[in-house]
Ligand code: MUC
Ligand code: MG
């Protein structure tokens, strides 16, 4: 039985400015959920988003308010006896709020895994891989800085797939930036993320130039509202087109898959509304012949570990992942950091998430940000 649910906002500076079409990030506000049970278990989940309200329609503060005001009283009153029943309850009484639902489900699965002594991957279908390759996003805003950063990543054997954030400059400037990087790194997979910034006409022009320059993957070039444009671009170009922001809950992913609106789905556990929902999206995409890519909302290590458990179960993961969120942060909130080596991340094998959260550190940072935060009864 759940004894307490604490939602913590934990702001952490990034290692450098991270420039997207919709915002420039200098810090990431981790949204962490800490659940404790009557019989002494604890679980952690994460509902982090990007750039306040600039990326998605839920902000760190709205997520915390909604969990504290609606999710917690409902769960404390109804006392669901399993993760599945808790999620059924939340999905029946609370519409939307997919990020918050994901964090609650993650924390409950963390507890369930600890209780059963099984990693989450084994509770949600079973892992078929123990490590995943991890791309890095070059987003300093400067071509030479990005090239130097990429060389450093390759030398350190951290990353050899690079994603470039474009869409905030004139198309020809963005294309010149991407092609300069592709030429400097001819052996690396180079992908671009437009974060919805182009019209369909701009996308026709931009993608044509990028395809001619041997760019490997184009992510969410047009608005998530314009699914038919995404489908037309997918049909028109040979280069793979990936859906990201538009891939939301399983219902909407089903329609996108049935209509084959993209060649690849970027799946994000928060956007999906939880780990099991993200597994379902992966299975549907696979059945529909759509390739899979493990996406991130630039979460810290809790959401990243949860995502890694999900992606470990995918039947295929041909476009790999971008689970680099913790590496963009100046602080680690785990006792032992996640294991990034040889261009990839090893999926934790311990019970639940398989990680140990440094709760003193997390509560300390959260208190600095929100001084009135109540103390947990037994962290
Ligand atoms: C996005 O749109 O994919 C993922 C990596 C990154 O740099 O930004 C995020 C969001
Ligand atoms: Mg994206």
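Using the three backbone atoms N, Cα and C, a Cβ is placed for every residue, glycine included.
Annotated in TrEMBL:
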{"type": "ACT_SITE", "residues": "165", "note": "active site, proton acceptor"}
{"type": "ACT_SITE", "residues": "322", "note": "active site, proton donor"}
{"type": "DOMAIN", "residues": "144-240", "note": "domain 'Mandelate racemase/muconate lactonizing enzyme C-terminal'"}
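Annotation for the residue listed as 'active site, proton donor': spatial neighbours 134, 135, 136, 137, 163, 293, 294, 295, 296, criterion Cβ-Cβ under 8 Å with sequence separation of six or more. Other C-beta atoms found within 10 angstroms of the C-beta of residue 165 (active site, proton acceptor) number 24, with every protein chain shown included.
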